[in-house]
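S.K.: Residues or ranges marked as Ni(2+) binding site in Swiss-Prot (evidence: sequence analysis): H2. Swiss-Prot lists C73, C76, C89, C92 with the feature Zn(2+) binding site, giving sequence analysis as the kind of evidence.
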Amino acid sequence: MHEMSLCEGILQILEEEARRQMFSRVRTVRLEVGELAGVELDAMYFGFDVVCRDTLADGARLEIVQRPGQAFCLGCGERVAVRRRFDACPDCGSYQLQVIGGDELRIKDLEVD
C-alpha cells in the first residue's frame, strides 16, 4: 500500500511547514488528487489517520478533491478526458495519448492553530 508512504510524506511536509510558519496543530488537510495518480482514496484516508496519530495532525480531517484525468491525443490532436491510463481516445480510438493533467497529488491548503 503506497498510500501509507504518501501519507508519511504529507506529514513530513506538515511538520516542516509548522516549524516555518509557527503553528502547533493541523485541523484540516485538503489534498488535490488526480484521477490518474494511482491513489486508492479509502487507503489514503486510512493511512492518514494511522500516520498522524500522536503528531501535530492527530485527529485532523482529510479532505480530498479529485481532479479528472486529461490527455492530449497524438492521433486526432484533441484534449480529451480519460479515466484510466492506457485508455483509448474517446474521439478517435487511438491509444497514442499523452497525459497532461489528473496525475498530480498536492496539498491544496491547511486549517491550522
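Glycine residues also receive a Cβ, built from the backbone N, Cα and C atoms like all the rest.
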S.K.: Compute the C-alpha separation of C73 (Zn(2+) binding site) from H2 (Ni(2+) binding site), stating it in Å without decimals.
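M.R.: Their Cα atoms are separated by 29 Å.
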S.K.: Can you check which residues sit near C89 (Zn(2+) binding site), meaning Cβ under 8 Å from its Cβ, same chain, 6 or more apart in sequence, and list them in order?
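M.R.: When sequence neighbours closer than 6 are ignored, C89 (Zn(2+) binding site) has A71, C73, G75, C76, E78, V80, Y95, Q96, L97 within Cβ distance under 8 Å.
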S.K.: Are there residues of the same chain, six or more positions away from H2 (Ni(2+) binding site), whose CB falls under 8 angstroms from its CB, and which are they?
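M.R.: Counting only residues 6 or more apart in sequence, the Cβ neighbours of H2 (Ni(2+) binding site) under 8 Å are G38.
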S.K.: Determine which residues of this chain, when C73, C76, C89, C92 are set aside, have a Cβ within 8 Å of the centroid of the Zn(2+) site's Cβ atoms, and list them as they appear in the sequence.
M.R.: L74, G75, G77, E78, V80, P90, D91, G93, S94, Q96, L97
S.K.: Which state, by DSSP, holds C92 (Zn(2+) binding site): helix, strand or coil?
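M.R.: In the DSSP reduction, C92 (Zn(2+) binding site) maps to coil.
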S.K.: Only counting partners 6 or more residues apart, tell me which same-chain residues put their Cβ under 8 Å from the Cβ of C92 (Zn(2+) binding site).
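M.R.: Counting only residues 6 or more apart in sequence, the Cβ neighbours of C92 (Zn(2+) binding site) under 8 Å are C73, G75, C76, E78.
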S.K.: Pick out which of the binding-site residues C73, C76 has the most other Cβ atoms within 10 Å of its own Cβ.
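M.R.: Going through C73, C76 one by one, the largest Cβ count within 10 Å is at C73.
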